[in-house]
Amino acid sequence: MEFTLQQDKVRALDDDMLVVKSESGGAGLDRGDDESQYPHGLKLAVLMTCVFIGMFLVALDKLIISTATPAITNEFHAYSDVGWYGTAYLLTNCATILLFGKLYTFLDVKATFLSAVLLFEVGSAVCGAAPNSIAFIVGRAIAGLGAGGIQEGVLVIIVCAIPLSKRPAYQGLFGAVYGVSSVIGPLLGGAFTTHVSWRWCFYINLPFGGLVALAVFFLLKVPGGGAMKSSWKHKVKELNIEGLVALLPGVISLCLALQWGGFTYSWSNWRIILCLTLGLVLLIAFIFIQVWRPKTATVPPHIFCQRSIFTGFWVSALLGAHQTIIIYFLPIWFQAIKGDSAVQSGIHLLPFVIAIVVSSILTGVGTTKTGYYTPFLIIGTVTAAIGAGLFLLLQPHTTTGQWIGYQIVYGFGLGGCYQAPNVAAQTVLSKDEAPVGTALILFATTLFGAIFVSVGQNVLDQQLATKLAGLAGFDITPQQINTAGVTGLFQMVPQGLHNAVLYAYNSALRRTFLVGLILACLTILGSLGMEWRSVKKEQQKQQEKAMENEQEEAAKTQKHKYALDTDENFGV
């Protein structure tokens, strides 16, 4: 009897200690923002450099394939598979971001990140060594799985390695890296394809990915490893399986519809209607599941409904949408209207890249100094909207100085927007919930970016078909325009109509940029709704809360120890 009672009390002590650990840090991420516990100097510099290299590779992989695709299709003789080369990566990347956001809250942070890097490396190796088109597509899908974990993992590592008051500067670098890689990707893809082989677009990931893995393995230290102290049965329950069953196929179905619609199949095709319907139904089901089971939800309702998280989601979704439209269709303007090659059009985006980098760094430094990120977000969204509006002024006779100026204004605005939603998530949420918040922000950017590439392309095709229909002796469908490509359209028209087609193409592109302008203006509403919270004040609150938790934990431990000692003394 004495032994049984003693066992029960020890078990109660262990259970209470488990609860205290969970409350004080959840996933073991909480250091109380005592800056002495974070890495410093060379160790921090090497860790963050390598982590950002990983982010650069993931973002690079989205667009590096754009200029390599012709060489890949020529080698595999699989022209019907072209759409899958980009879609396979996008589907798995977008579908797993929220999943990894949940995993980082209760699994070992280092092990989870390294697993994502391994998936990305395996996928890259399969792509580089692919003997046929099917193997290449499988490799792209595997790489996309890892990419979702790396993207979210970089933000989690920033939380683990850097105190809150200093994170904005690194978040600024995060935005700069993402923006630079989005533009440099096609340039590197073209360079590798022309001078070495398209396979090096993917082999290049292997040594750099290995460097990232080594740096994280040896330099990243997370209290308790970041893993929730609970059984695997409890961890599986925390995974919200029923929610994932709705989320993953829902996102995949929606992305498939958007990738195929208007390109591979018409929007009225049964496949597109089925994918759209299935995707929307499953995503609605996912939302209901989150409300129904909030304790194990992938995205707990109390997180999404928090004011800064909701407005951050709004800003990120619309930001991802309008920046994708501008980045995707501005090179088309250079190629179709100015006669640039694909590589030249990429080079002409360098003013945009430089503006993003400078603005991101300045915004990060400014936020670190003042403690407030909301004013920079408001200024950034307004400036980006002005820049998006300037693209409506583009004409065939637009001078070099003008289009450079338009890019600088727009890029400077974007640089001021990138970091605020993520910093807000890390500021208003506890450290164990921050991965879910940042994953939600990334998911919004990725999903809406994918949606509005398709929207923009369909606007361009429809507008161009309408404007060309008015030309005497010339009739063309949106499908024929899409098949002809950027410059192929001019080869389909009589020489005497080239100038008219040029102005029609320019007008259609301006209508597409108008979509970007509308989205950029709507982004301002989200920035105005963002809470004014200081990272400096929140860090102080976290330090005080961490101290209180430590005192409560010590008191609870002492209380149970006293209870056990008392029972022993009385022979219970």
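Residue numbering: from 1, along the chain as shown.
Just so it is clear, glycine is given a Cβ too, placed from its N, Cα and C backbone atoms.
Worth saying up front: this structure is predicted, and the values here are computed from it rather than measured.
The transmembrane segment annotation in Swiss-Prot covers 81-101, 117-137, 142-162, 172-192, 200-220, 243-263, 272-292, 313-333, 374-394, 403-423, 436-456, 512-532 (among others). The compositional bias 'Basic and acidic residues' annotation in Swiss-Prot covers 539-556. Swiss-Prot lists 539-572 with the feature region 'Disordered'.
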Annotated stretches the transmembrane segment (172-192) and the transmembrane segment (403-423) touching (3 or more Cβ pairs under 8 Å): yes
Residues from the same chain, set at least six apart from the ends of the transmembrane segment (117-137), whose C-beta lies under 8 A from its own: 54, 57-58, 61, 72, 76, 78, 81, 84-85, 88, 143-147, 149-150, 199-203, 205-206, 209-210, 212-213, 216
Contact check, the transmembrane segment (200-220) vs the transmembrane segment (243-263), 3+ Cβ pairs under 8 Å, seq sep 6+: no
Contact ranking winner - 243-263, 272-292, 313-333, 403-423 against the transmembrane segment (512-532), Cβ under 8 Å: 313-333
Which of 142-162, 243-263, 313-333, 403-423 contacts the transmembrane segment (81-101) most, counting Cβ pairs under 8 Å: 142-162
